[in-house]
Amino acid sequence: MSDKLIIFDTTLRDGEQSPGASMTREEKIRIARQLERLKVDVIEAGFAASSNGDFEAIRSIAQVVKDSTICSLARANDKDIARAAEALKPANSFRIHTFIATSALHMEKKLRMTPDEVYQQARLAVRFARQFTDDIEFSPEDGSRSDMDFLCRVLEGVIAEGATTINLPDTVGYAVPEGYAELIRSVRERIPNSDKAIWSVHCHNDLGMAVANSLAAVKMAGARQIECTINGLGERAGNTSLEEVVMAVKTRRDYFDLDIGVDTTQIVPASKLVSQITGFVVQPNKAVVGANAFAHASGIHQDGVLKARDTYEIMRAEDVGWSANKIVLGKLSGRNAFKQRLQELGIELESETEVNAAFTRFKELADQKAEIFDEDIVAIVSNEAQHDANEHFRFISLSQRSETGERPHARVVFSMDGQEQSGEGEGNGPVDATLHAIESRVSSGAEMVLYSVNAITGGTEAQGEVTVRLSKAGRIVNGVGTDPDIVAASAKAYLAALNKLHDKAVQKINPQI
(Lines of atoms letter the chains of each structure in order from A and count residues from 1; the text may use other names and numbers.)
(Lines give C-alpha, C1' and ligand atoms only; values in the text may rest on other atoms or scores of the structure.)
Protein backbone atom coordinates (compact mmCIF):
# COMPACT_ATOMS: atom_id res chain seq x y z
CA MET A 1 0.00 0.00 0.00
CA SER A 2 1.36 3.43 -0.98
CA ASP A 3 2.11 6.20 1.49
CA LYS A 4 0.40 9.58 1.31
CA LEU A 5 2.48 12.62 0.33
CA ILE A 6 1.18 15.76 2.05
CA ILE A 7 1.19 18.96 0.00
CA PHE A 8 1.71 22.02 2.20
CA ASP A 9 1.17 25.24 0.24
CA THR A 10 2.85 28.39 1.54
CA THR A 11 2.07 30.76 -1.34
CA LEU A 12 0.20 33.07 1.03
CA ARG A 13 3.01 33.20 3.58
CA ASP A 14 6.46 32.52 2.13
CA GLY A 15 5.41 33.25 -1.45
CA GLU A 16 4.09 36.66 -0.47
CA GLN A 17 7.54 37.62 0.79
CA SER A 18 8.63 38.20 -2.82
CA PRO A 19 9.18 41.96 -3.29
CA GLY A 20 6.01 43.30 -4.89
CA ALA A 21 3.93 40.18 -4.24
CA SER A 22 2.06 41.56 -1.22
CA MET A 23 -1.65 40.79 -1.42
CA THR A 24 -4.80 42.27 0.05
CA ARG A 25 -7.06 40.25 2.32
CA GLU A 26 -9.55 39.76 -0.53
CA GLU A 27 -6.82 38.55 -2.89
CA LYS A 28 -5.58 36.07 -0.30
CA ILE A 29 -9.10 34.71 0.16
CA ARG A 30 -9.45 34.19 -3.60
CA ILE A 31 -6.17 32.28 -3.74
CA ALA A 32 -7.08 30.24 -0.65
CA ARG A 33 -10.36 29.20 -2.24
CA GLN A 34 -8.51 28.12 -5.38
CA LEU A 35 -6.04 26.14 -3.25
CA GLU A 36 -9.01 24.41 -1.64
CA ARG A 37 -10.34 23.51 -5.10
CA LEU A 38 -6.84 22.25 -5.88
CA LYS A 39 -7.24 20.03 -2.79
CA VAL A 40 -3.94 20.88 -1.17
CA ASP A 41 -3.70 19.31 2.27
CA VAL A 42 -2.43 22.33 4.22
CA ILE A 43 -2.66 26.06 3.44
CA GLU A 44 -0.19 28.21 5.36
CA ALA A 45 -2.30 31.36 5.30
CA GLY A 46 0.21 33.72 6.91
CA PHE A 47 1.98 34.73 10.10
CA ALA A 48 -0.71 35.96 12.50
CA ALA A 49 1.62 37.85 14.85
CA SER A 50 3.40 39.73 12.07
CA SER A 51 0.65 42.30 11.47
CA ASN A 52 -3.05 42.95 12.01
CA GLY A 53 -3.52 42.52 8.27
CA ASP A 54 -2.08 39.01 8.34
CA PHE A 55 -4.18 38.15 11.40
CA GLU A 56 -7.40 39.26 9.70
CA ALA A 57 -6.51 37.48 6.45
CA ILE A 58 -5.85 34.21 8.30
CA ARG A 59 -9.09 34.51 10.24
CA SER A 60 -11.08 35.23 7.08
CA ILE A 61 -9.53 32.25 5.28
CA ALA A 62 -10.24 30.03 8.30
CA GLN A 63 -13.89 31.07 8.05
CA VAL A 64 -14.37 30.28 4.35
CA VAL A 65 -12.07 27.31 3.62
CA LYS A 66 -13.48 24.05 4.94
CA ASP A 67 -11.68 21.18 3.18
CA SER A 68 -8.01 22.08 3.74
CA THR A 69 -6.14 22.43 7.02
CA ILE A 70 -5.35 26.11 7.68
CA CYS A 71 -1.98 26.93 9.22
CA SER A 72 -0.34 29.99 10.76
CA LEU A 73 3.34 30.50 11.40
CA ALA A 74 4.39 31.51 14.93
CA ARG A 75 7.68 32.13 16.66
CA ALA A 76 8.41 29.88 19.61
CA ASN A 77 6.81 32.09 22.24
CA ASP A 78 3.43 32.11 23.97
CA LYS A 79 2.32 35.47 22.53
CA ASP A 80 2.83 34.44 18.89
CA ILE A 81 1.26 31.03 19.42
CA ALA A 82 -1.81 32.43 21.18
CA ARG A 83 -2.22 34.98 18.39
CA ALA A 84 -2.05 32.22 15.78
CA ALA A 85 -4.60 30.11 17.67
CA GLU A 86 -6.99 33.06 17.89
CA ALA A 87 -6.80 33.71 14.14
CA LEU A 88 -7.28 30.01 13.35
CA LYS A 89 -10.21 29.48 15.72
CA PRO A 90 -12.94 29.52 13.01
CA ALA A 91 -11.23 26.77 10.96
CA ASN A 92 -12.62 23.26 10.63
CA SER A 93 -9.05 21.98 10.90
CA PHE A 94 -5.97 24.00 11.79
CA ARG A 95 -2.26 23.70 12.44
CA ILE A 96 0.20 25.86 14.36
CA HIS A 97 3.67 26.01 12.77
CA THR A 98 6.23 27.22 15.29
CA PHE A 99 9.94 27.77 14.78
CA ILE A 100 13.19 28.85 16.41
CA ALA A 101 16.74 29.07 15.09
CA THR A 102 19.15 26.29 16.07
CA SER A 103 22.43 27.23 14.36
CA ALA A 104 25.24 28.60 16.54
CA LEU A 105 25.38 31.77 14.46
CA HIS A 106 21.67 32.53 14.84
CA MET A 107 21.55 31.63 18.53
CA GLU A 108 24.49 33.89 19.35
CA LYS A 109 23.95 36.84 17.00
CA LYS A 110 20.18 37.00 16.53
CA LEU A 111 18.53 35.32 19.50
CA ARG A 112 21.30 36.01 22.03
CA MET A 113 20.40 32.75 23.72
CA THR A 114 22.40 29.75 24.86
CA PRO A 115 21.74 26.32 23.34
CA ASP A 116 20.07 25.19 26.58
CA GLU A 117 17.76 28.21 26.49
CA VAL A 118 16.81 27.50 22.88
CA TYR A 119 16.18 23.84 23.71
CA GLN A 120 13.88 24.76 26.59
CA GLN A 121 12.05 27.43 24.61
CA ALA A 122 11.39 25.04 21.72
CA ARG A 123 9.92 22.43 24.07
CA LEU A 124 7.82 24.95 25.99
CA ALA A 125 6.47 26.43 22.75
CA VAL A 126 5.23 23.06 21.50
CA ARG A 127 3.81 22.26 24.93
CA PHE A 128 1.91 25.55 24.94
CA ALA A 129 0.63 25.03 21.37
CA ARG A 130 -0.80 21.66 22.41
CA GLN A 131 -3.39 23.57 24.46
CA PHE A 132 -4.98 24.69 21.19
CA THR A 133 -4.48 21.81 18.74
CA ASP A 134 -2.91 18.38 18.30
CA ASP A 135 -1.61 19.39 14.85
CA ILE A 136 1.72 21.11 15.50
CA GLU A 137 4.62 21.62 13.13
CA PHE A 138 8.10 22.59 14.28
CA SER A 139 10.90 24.05 12.14
CA PRO A 140 14.50 24.56 13.28
CA GLU A 141 15.43 27.75 11.44
CA ASP A 142 18.82 27.41 9.73
CA GLY A 143 18.71 23.74 10.70
CA SER A 144 21.02 22.63 7.88
CA ARG A 145 23.87 24.69 9.42
CA SER A 146 23.20 23.57 12.99
CA ASP A 147 25.38 21.29 15.08
CA MET A 148 24.04 17.79 14.41
CA ASP A 149 24.00 16.68 18.06
CA PHE A 150 22.17 19.81 19.18
CA LEU A 151 19.72 19.67 16.26
CA CYS A 152 18.82 16.08 17.11
CA ARG A 153 18.43 16.96 20.79
CA VAL A 154 15.99 19.77 19.98
CA LEU A 155 13.96 17.71 17.53
CA GLU A 156 13.73 14.75 19.90
CA GLY A 157 12.54 17.14 22.60
CA VAL A 158 9.79 18.81 20.57
CA ILE A 159 8.51 15.45 19.33
CA ALA A 160 8.32 14.32 22.96
CA GLU A 161 6.23 17.44 23.69
CA GLY A 162 3.78 16.59 20.90
CA ALA A 163 5.06 18.04 17.62
CA THR A 164 3.46 15.96 14.87
CA THR A 165 5.38 17.35 11.88
CA ILE A 166 9.09 18.15 11.78
CA ASN A 167 10.19 20.44 8.95
CA LEU A 168 13.87 20.67 8.01
CA PRO A 169 14.29 23.75 5.79
CA ASP A 170 17.07 24.55 3.35
CA THR A 171 16.77 28.20 4.31
CA VAL A 172 19.31 29.68 1.89
CA GLY A 173 18.95 27.23 -1.01
CA TYR A 174 22.48 25.85 -0.59
CA ALA A 175 21.69 22.13 -0.45
CA VAL A 176 22.19 19.53 -3.17
CA PRO A 177 19.83 16.55 -3.54
CA GLU A 178 22.00 13.74 -2.16
CA GLY A 179 23.34 15.85 0.70
CA TYR A 180 19.92 17.15 1.72
CA ALA A 181 18.40 13.68 1.67
CA GLU A 182 21.33 12.35 3.71
CA LEU A 183 20.83 15.09 6.33
CA ILE A 184 17.20 14.15 6.83
CA ARG A 185 17.93 10.43 6.81
CA SER A 186 20.71 10.85 9.39
CA VAL A 187 18.55 12.97 11.70
CA ARG A 188 15.70 10.49 11.52
CA GLU A 189 18.01 7.57 12.30
CA ARG A 190 19.58 9.32 15.29
CA ILE A 191 16.32 10.36 16.97
CA PRO A 192 14.66 7.47 18.83
CA ASN A 193 11.13 8.93 18.56
CA SER A 194 11.40 10.07 14.92
CA ASP A 195 8.62 7.66 13.94
CA LYS A 196 6.16 9.73 15.98
CA ALA A 197 6.29 12.63 13.49
CA ILE A 198 5.83 13.27 9.78
CA TRP A 199 9.02 14.65 8.22
CA SER A 200 8.72 17.67 5.98
CA VAL A 201 10.96 19.57 3.55
CA HIS A 202 11.02 23.27 2.69
CA CYS A 203 13.52 24.19 -0.02
CA HIS A 204 14.55 27.45 -1.65
CA ASN A 205 15.59 27.65 -5.28
CA ASP A 206 18.76 29.77 -5.16
CA LEU A 207 20.74 27.12 -7.05
CA GLY A 208 17.76 25.91 -9.06
CA MET A 209 17.47 22.68 -7.08
CA ALA A 210 14.45 23.20 -4.82
CA VAL A 211 12.30 20.63 -6.63
CA ALA A 212 15.17 18.13 -6.95
CA ASN A 213 16.09 18.50 -3.27
CA SER A 214 12.48 18.03 -2.17
CA LEU A 215 11.95 14.94 -4.30
CA ALA A 216 15.29 13.44 -3.20
CA ALA A 217 14.25 13.82 0.44
CA VAL A 218 10.96 12.11 -0.33
CA LYS A 219 12.48 9.21 -2.24
CA MET A 220 15.71 8.66 -0.31
CA ALA A 221 14.95 9.87 3.23
CA GLY A 222 11.27 9.17 3.84
CA ALA A 223 10.00 12.76 3.92
CA ARG A 224 6.23 12.75 3.55
CA GLN A 225 5.40 16.44 3.32
CA ILE A 226 6.63 18.98 0.77
CA GLU A 227 6.26 22.70 1.44
CA CYS A 228 5.84 24.55 -1.84
CA THR A 229 4.24 27.47 -3.64
CA ILE A 230 2.24 28.02 -6.82
CA ASN A 231 4.62 28.92 -9.68
CA GLY A 232 7.52 28.55 -7.24
CA LEU A 233 6.70 32.04 -5.94
CA GLY A 234 9.02 33.31 -3.22
CA GLU A 235 11.76 35.77 -2.38
CA ARG A 236 15.12 35.66 -4.14
CA ALA A 237 14.90 32.74 -6.60
CA GLY A 238 11.68 31.37 -5.13
CA ASN A 239 10.48 28.20 -3.43
CA THR A 240 9.78 24.64 -4.46
CA SER A 241 7.22 24.71 -7.27
CA LEU A 242 3.96 22.96 -6.31
CA GLU A 243 3.02 22.10 -9.88
CA GLU A 244 6.39 20.50 -10.58
CA VAL A 245 6.58 18.27 -7.50
CA VAL A 246 2.94 17.23 -7.83
CA MET A 247 3.23 16.27 -11.48
CA ALA A 248 6.60 14.57 -10.92
CA VAL A 249 5.08 12.34 -8.26
CA LYS A 250 1.90 11.77 -10.30
CA THR A 251 3.66 11.12 -13.61
CA ARG A 252 6.42 8.96 -12.09
CA ARG A 253 4.26 6.96 -9.72
CA ASP A 254 6.25 3.92 -10.80
CA TYR A 255 9.29 5.51 -9.13
CA PHE A 256 7.86 7.33 -6.11
CA ASP A 257 4.94 4.96 -5.30
CA LEU A 258 3.10 7.66 -3.36
CA ASP A 259 -0.52 8.76 -3.26
CA ILE A 260 -1.27 12.44 -3.62
CA GLY A 261 -4.66 14.11 -3.14
CA VAL A 262 -4.25 17.14 -5.40
CA ASP A 263 -6.80 17.71 -8.16
CA THR A 264 -4.31 18.37 -10.94
CA THR A 265 -6.94 19.86 -13.28
CA GLN A 266 -6.90 22.91 -10.98
CA ILE A 267 -3.15 23.53 -11.35
CA VAL A 268 -3.27 25.86 -14.35
CA PRO A 269 -6.21 27.89 -12.96
CA ALA A 270 -4.24 28.30 -9.72
CA SER A 271 -1.13 29.33 -11.63
CA LYS A 272 -3.00 31.93 -13.66
CA LEU A 273 -4.74 33.35 -10.60
CA VAL A 274 -1.52 33.77 -8.62
CA SER A 275 0.22 35.29 -11.62
CA GLN A 276 -2.63 37.71 -12.24
CA ILE A 277 -2.86 38.84 -8.61
CA THR A 278 0.86 39.20 -7.96
CA GLY A 279 1.92 40.41 -11.41
CA PHE A 280 4.68 37.78 -11.53
CA VAL A 281 4.45 36.52 -15.11
CA VAL A 282 5.05 32.81 -15.68
CA GLN A 283 7.93 32.22 -18.10
CA PRO A 284 6.73 30.54 -21.33
CA ASN A 285 9.00 27.49 -20.91
CA LYS A 286 8.09 26.92 -17.25
CA ALA A 287 7.38 23.24 -16.62
CA VAL A 288 3.69 22.27 -16.44
CA VAL A 289 2.21 25.81 -16.38
CA GLY A 290 4.28 27.72 -18.98
CA ALA A 291 2.52 28.68 -22.21
CA ASN A 292 4.91 26.45 -24.19
CA ALA A 293 4.79 23.48 -21.80
CA PHE A 294 2.74 21.44 -24.28
CA ALA A 295 3.74 23.20 -27.52
CA HIS A 296 5.63 21.31 -30.24
CA ALA A 297 7.44 23.32 -32.91
CA SER A 298 9.58 20.56 -34.39
CA GLY A 299 7.95 18.96 -37.42
CA ILE A 300 9.06 15.52 -36.28
CA HIS A 301 7.55 16.10 -32.84
CA GLN A 302 4.32 17.47 -34.30
CA ASP A 303 3.96 14.44 -36.56
CA GLY A 304 4.56 12.09 -33.65
CA VAL A 305 2.05 13.80 -31.37
CA LEU A 306 -0.60 13.78 -34.09
CA LYS A 307 -0.12 10.03 -34.57
CA ALA A 308 0.15 9.13 -30.88
CA ARG A 309 0.31 11.73 -28.12
CA ASP A 310 2.46 9.67 -25.82
CA THR A 311 5.35 9.74 -28.31
CA TYR A 312 6.41 13.15 -27.01
CA GLU A 313 3.97 14.00 -24.20
CA ILE A 314 4.49 12.38 -20.79
CA MET A 315 1.32 13.98 -19.41
CA ARG A 316 -1.81 15.44 -20.98
CA ALA A 317 -2.40 19.18 -21.06
CA GLU A 318 -6.00 18.76 -19.93
CA ASP A 319 -4.84 16.79 -16.87
CA VAL A 320 -3.28 19.95 -15.43
CA GLY A 321 -6.09 22.27 -16.48
CA TRP A 322 -5.00 23.50 -19.91
CA SER A 323 -7.76 23.97 -22.47
CA ALA A 324 -8.10 25.82 -25.76
CA ASN A 325 -9.70 29.27 -25.73
CA LYS A 326 -13.43 28.71 -25.70
CA ILE A 327 -16.08 31.25 -26.71
CA VAL A 328 -18.57 31.05 -23.89
CA LEU A 329 -20.67 34.20 -23.95
CA GLY A 330 -21.50 37.22 -26.06
CA LYS A 331 -23.35 40.53 -25.90
CA LEU A 332 -26.75 38.79 -25.96
CA SER A 333 -25.93 36.48 -23.04
CA GLY A 334 -27.97 37.03 -19.91
CA ARG A 335 -27.17 37.19 -16.21
CA ASN A 336 -28.06 33.54 -15.55
CA ALA A 337 -25.74 32.33 -18.30
CA PHE A 338 -22.98 34.50 -16.85
CA LYS A 339 -23.53 33.10 -13.33
CA GLN A 340 -23.52 29.55 -14.72
CA ARG A 341 -20.18 30.14 -16.43
CA LEU A 342 -18.72 31.53 -13.21
CA GLN A 343 -19.71 28.30 -11.47
CA GLU A 344 -18.19 26.18 -14.25
CA LEU A 345 -14.93 28.14 -13.88
CA GLY A 346 -14.93 27.56 -10.12
CA ILE A 347 -15.33 31.28 -9.38
CA GLU A 348 -17.24 32.07 -6.19
CA LEU A 349 -18.49 35.59 -5.55
CA GLU A 350 -19.61 36.32 -2.01
CA SER A 351 -22.69 38.45 -2.73
CA GLU A 352 -25.22 39.38 -5.39
CA THR A 353 -23.68 42.84 -5.36
CA GLU A 354 -20.37 41.36 -6.54
CA VAL A 355 -22.15 39.28 -9.20
CA ASN A 356 -23.99 42.36 -10.44
CA ALA A 357 -20.79 44.40 -10.64
CA ALA A 358 -18.99 41.66 -12.56
CA PHE A 359 -21.96 41.20 -14.91
CA THR A 360 -22.09 44.94 -15.62
CA ARG A 361 -18.39 44.89 -16.52
CA PHE A 362 -19.00 41.81 -18.71
CA LYS A 363 -21.74 43.61 -20.66
CA GLU A 364 -19.45 46.61 -21.13
CA LEU A 365 -16.71 44.34 -22.46
CA ALA A 366 -19.15 42.49 -24.74
CA ASP A 367 -19.96 45.82 -26.39
CA GLN A 368 -16.26 46.27 -27.15
CA LYS A 369 -15.32 42.79 -28.39
CA ALA A 370 -17.48 40.20 -30.09
CA GLU A 371 -16.03 37.08 -28.53
CA ILE A 372 -15.75 36.60 -24.76
CA PHE A 373 -13.38 33.87 -23.56
CA ASP A 374 -12.94 32.20 -20.19
CA GLU A 375 -9.77 34.23 -19.64
CA ASP A 376 -11.76 37.42 -20.14
CA ILE A 377 -14.23 36.41 -17.44
CA VAL A 378 -11.43 35.59 -15.00
CA ALA A 379 -9.88 38.99 -15.71
CA ILE A 380 -13.21 40.74 -15.14
CA VAL A 381 -13.65 39.09 -11.75
CA SER A 382 -10.04 39.81 -10.78
CA ASN A 383 -10.44 43.46 -11.74
CA GLU A 384 -13.68 43.84 -9.78
CA ALA A 385 -12.16 42.06 -6.77
CA GLN A 386 -9.66 44.91 -6.40
CA HIS A 387 -12.51 47.26 -5.52
CA ASP A 388 -13.61 47.38 -1.89
CA ALA A 389 -15.27 49.72 0.57
CA ASN A 390 -11.93 51.13 1.70
CA GLU A 391 -10.68 51.86 -1.82
CA HIS A 392 -8.91 55.22 -1.99
CA PHE A 393 -8.53 55.62 -5.78
CA ARG A 394 -10.82 54.34 -8.55
CA PHE A 395 -10.59 54.83 -12.31
CA ILE A 396 -13.53 56.55 -14.03
CA SER A 397 -12.53 57.62 -17.55
CA LEU A 398 -9.68 58.56 -19.86
CA SER A 399 -9.33 60.81 -22.90
CA GLN A 400 -6.19 61.24 -25.02
CA ARG A 401 -4.85 63.36 -27.83
CA SER A 402 -1.83 62.26 -29.83
CA GLU A 403 -0.51 63.37 -33.21
CA THR A 404 2.70 62.45 -34.97
CA GLY A 405 5.45 64.86 -34.03
CA GLU A 406 3.65 66.21 -30.96
CA ARG A 407 3.80 65.16 -27.33
CA PRO A 408 0.73 63.10 -26.35
CA HIS A 409 -1.75 64.66 -23.93
CA ALA A 410 -4.04 62.77 -21.54
CA ARG A 411 -6.89 63.62 -19.19
CA VAL A 412 -7.77 61.07 -16.50
CA VAL A 413 -10.87 61.21 -14.32
CA PHE A 414 -10.78 59.14 -11.15
CA SER A 415 -12.24 59.19 -7.67
CA MET A 416 -10.18 59.86 -4.56
CA ASP A 417 -11.99 58.92 -1.35
CA GLY A 418 -15.25 59.21 -3.25
CA GLN A 419 -14.50 62.67 -4.65
CA GLU A 420 -14.11 62.97 -8.41
CA GLN A 421 -10.73 64.26 -9.55
CA SER A 422 -9.48 65.25 -13.00
CA GLY A 423 -5.81 65.34 -13.92
CA GLU A 424 -4.04 66.30 -17.13
CA GLY A 425 -0.53 65.56 -18.31
CA GLU A 426 1.86 65.19 -21.22
CA GLY A 427 4.52 62.57 -21.80
CA ASN A 428 6.77 60.73 -24.22
CA GLY A 429 3.87 58.45 -25.15
CA PRO A 430 0.19 57.90 -24.32
CA VAL A 431 0.95 55.78 -21.24
CA ASP A 432 3.53 58.25 -19.92
CA ALA A 433 1.08 61.12 -20.41
CA THR A 434 -1.67 59.19 -18.62
CA LEU A 435 0.45 58.43 -15.58
CA HIS A 436 1.63 62.05 -15.45
CA ALA A 437 -2.03 63.09 -15.48
CA ILE A 438 -2.73 60.90 -12.45
CA GLU A 439 0.35 62.16 -10.63
CA SER A 440 -0.68 65.78 -11.28
CA ARG A 441 -3.45 65.20 -8.70
CA VAL A 442 -1.85 62.56 -6.49
CA SER A 443 1.85 63.46 -6.14
CA SER A 444 2.62 60.02 -4.72
CA GLY A 445 6.40 60.28 -4.89
CA ALA A 446 6.55 56.59 -5.83
CA GLU A 447 9.12 55.13 -8.22
CA MET A 448 7.96 52.75 -10.95
CA VAL A 449 10.18 49.67 -10.91
CA LEU A 450 8.22 47.55 -13.40
CA TYR A 451 5.75 48.07 -16.23
CA SER A 452 4.62 45.13 -18.35
CA VAL A 453 1.82 44.35 -20.80
CA ASN A 454 0.32 40.96 -21.57
CA ALA A 455 -2.51 39.98 -23.93
CA ILE A 456 -5.11 37.94 -22.04
CA THR A 457 -6.26 36.10 -25.18
CA GLY A 458 -5.25 36.06 -28.84
CA GLY A 459 -6.35 38.48 -31.53
CA THR A 460 -6.32 42.25 -31.90
CA GLU A 461 -9.55 42.56 -29.86
CA ALA A 462 -7.91 40.93 -26.84
CA GLN A 463 -7.93 42.62 -23.47
CA GLY A 464 -4.59 43.93 -22.35
CA GLU A 465 -3.38 43.11 -18.86
CA VAL A 466 -0.95 45.68 -17.47
CA THR A 467 1.19 45.15 -14.38
CA VAL A 468 2.68 48.12 -12.55
CA ARG A 469 5.11 47.78 -9.64
CA LEU A 470 5.80 50.83 -7.46
CA SER A 471 8.37 51.43 -4.75
CA LYS A 472 8.24 53.99 -1.95
CA ALA A 473 9.99 54.20 1.41
CA GLY A 474 11.12 50.59 1.27
CA ARG A 475 7.71 49.20 0.29
CA ILE A 476 7.15 47.54 -3.07
CA VAL A 477 3.58 47.04 -4.26
CA ASN A 478 1.96 45.61 -7.34
CA GLY A 479 -1.10 46.72 -9.31
CA VAL A 480 -2.88 45.01 -12.21
CA GLY A 481 -5.38 46.50 -14.65
CA THR A 482 -7.25 45.01 -17.60
CA ASP A 483 -9.00 46.68 -20.52
CA PRO A 484 -9.14 46.34 -24.32
CA ASP A 485 -7.50 49.79 -24.32
CA ILE A 486 -3.90 49.32 -23.13
CA VAL A 487 -3.65 52.92 -21.94
CA ALA A 488 -6.82 52.58 -19.84
CA ALA A 489 -5.47 49.30 -18.46
CA SER A 490 -2.29 51.16 -17.52
CA ALA A 491 -4.25 53.80 -15.63
CA LYS A 492 -6.20 51.12 -13.76
CA ALA A 493 -3.03 49.24 -12.85
CA TYR A 494 -1.33 52.42 -11.63
CA LEU A 495 -4.29 53.35 -9.44
CA ALA A 496 -4.48 49.78 -8.09
CA ALA A 497 -0.83 50.01 -7.05
CA LEU A 498 -1.42 53.43 -5.47
CA ASN A 499 -4.27 51.91 -3.45
CA LYS A 500 -1.86 49.40 -1.96
CA LEU A 501 0.68 52.11 -1.20
CA HIS A 502 -2.07 54.12 0.48
CA ASP A 503 -2.83 51.19 2.80
CA LYS A 504 -0.90 52.10 5.95
CA ALA A 505 0.01 48.52 6.74
CA VAL A 506 2.63 48.14 9.44
CA GLN A 507 5.96 46.57 8.57
CA LYS A 508 5.57 42.80 8.61
CA ILE A 509 7.97 40.30 10.12
CA ASN A 510 9.29 38.04 7.35
CA PRO A 511 11.10 35.05 8.87
CA GLN A 512 13.66 33.19 6.78
CA ILE A 513 12.59 29.55 7.01
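Yeah, the Cβs are placed from backbone N, Cα and C, and that goes for glycine too.
Model, not experiment: these values are computed from the prediction.
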To which of Asn52, Asn77, Asn92, Asn239 does Swiss-Prot also attribute binding of Mn(2+) at the site defined by Asp14, His202, His204?
Asn239
Three-state secondary structure of Asp14 (Mn(2+) binding site) from DSSP?
coil
Number of other Cβ atoms within 10 Å of the Cβ of Asp14 (Mn(2+) binding site) across all protein chains:
29
For Asn239 (Mn(2+) binding site), what is the tally of other C-beta atoms lying within 10 angstroms of its C-beta?
30
Tell me the Cβ contacts of His202 (Mn(2+) binding site) under 8 Å, same chain only and six or more apart in sequence, or just say none.
Thr10, Asp14, Ser139, Asn167, Leu168, Pro169, Asp170, Glu227, Asn239, Thr240, Ile513
Which residue counts does DSSP yield for the region 'Regulatory domain' (394-513) in the helix, strand and coil classes, in that order?
30 helix, 51 strand, 39 coil
Mapped DSSP class for His204 (Mn(2+) binding site), helix or strand or coil:
strand
